[in-house]
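Undergrad: Pasting the relevant annotations from Swiss-Prot:
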{"type": "DOMAIN", "residues": "100-222", "note": "domain 'MPN'"}
{"type": "BINDING", "residues": "HIS171, HIS173, ASP184", "note": "Zn(2+) binding site"}
{"type": "MOTIF", "residues": "171-184", "note": "motif 'JAMM motif'"}
Amino acid sequence: MKLHDIDPDNRPRERFLQHGAAALSPAELLALILRSGSQQYNILDTCHHIINRFSLEKLSDVSLKELQQIKGIGESKAMQIVAIFELNRRLHYSRNQLRKIMAAGDVFEYMSGRIPDESKEHLFVLHLNTKNQVIKNELISIGTLNTAVIHPREIFKSAIRESAHSIIVVHNHPSGDVNPSNADKKITNELKQAGAFMQIEMLDHVIMSKTEWYSFRERGLL
């Protein structure tokens, strides 16, 4: 079934024209780009399946092979999806290439609007060069921050790969309360020790909400 076979009120194209892109769900936006499905699979249902299986946050890292395992997604459509995220990465890089970080306020400004779903906790690592310029912003995990899911080796493996001189760890608190939990303090201490061993300095750990931040460095805890 193709998009024009869907009820007019539910067609992504018509909804886009009437309400704008912001009114569409991620699956609808993807369906609008891919345009048509196969004889067996409605493209909108296929796109919902893609988002549900991989999540929007992780979709940018999904391979062609993984995408082609989805029924209704062949090589051509898989390439379209990968190309979308590659273009977005290049746009993001061109806008933020070598952004200099001097204080926690710069981290807050840099990260504002970059958390895909603020109802969940996200952990990011900013990789910096010797001039404190961001060379990469990497999403490490989604969910409650604890030692069961976050290990220093995952953080510093990425930092080594990017040839980072130092890192800044950033995560959000969906509750809006940016005060650190005991788990936050424990992980910060573990990462500080691991960084000293690896000779990659952990400059700060910043906890964010939509309106404020908490800096371990500025509070004298790093």
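The backbone N, Cα and C atoms fix where each Cβ goes, glycine too.
On a predicted model such as this, the values are computed, not experimentally measured, just so you know.
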Undergrad: How many other Cβ atoms are found within 10 Å of the Cβ atom of ASP184 (Zn(2+) binding site), counting all protein chains shown?
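TA: Excluding its own Cβ, the number within 10 Å is 20.
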Undergrad: What residues, ordered by sequence, lie under 8 A Cβ-to-Cβ from HIS173 (Zn(2+) binding site) and sit at least six positions away in the same chain?
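TA: Those within reach of HIS173 (Zn(2+) binding site), by Cβ under 8 Å and sequence separation of 6 or more, are GLU121, ILE207, MET208, SER209.
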Undergrad: For the motif 'JAMM motif' (171-184), DSSP counts of helix, strand and coil?
TA: 3 helix, 2 strand, 9 coil
Undergrad: For HIS171 (Zn(2+) binding site), what is the tally of other C-beta atoms lying within 10 angstroms of its C-beta?
TA: 22
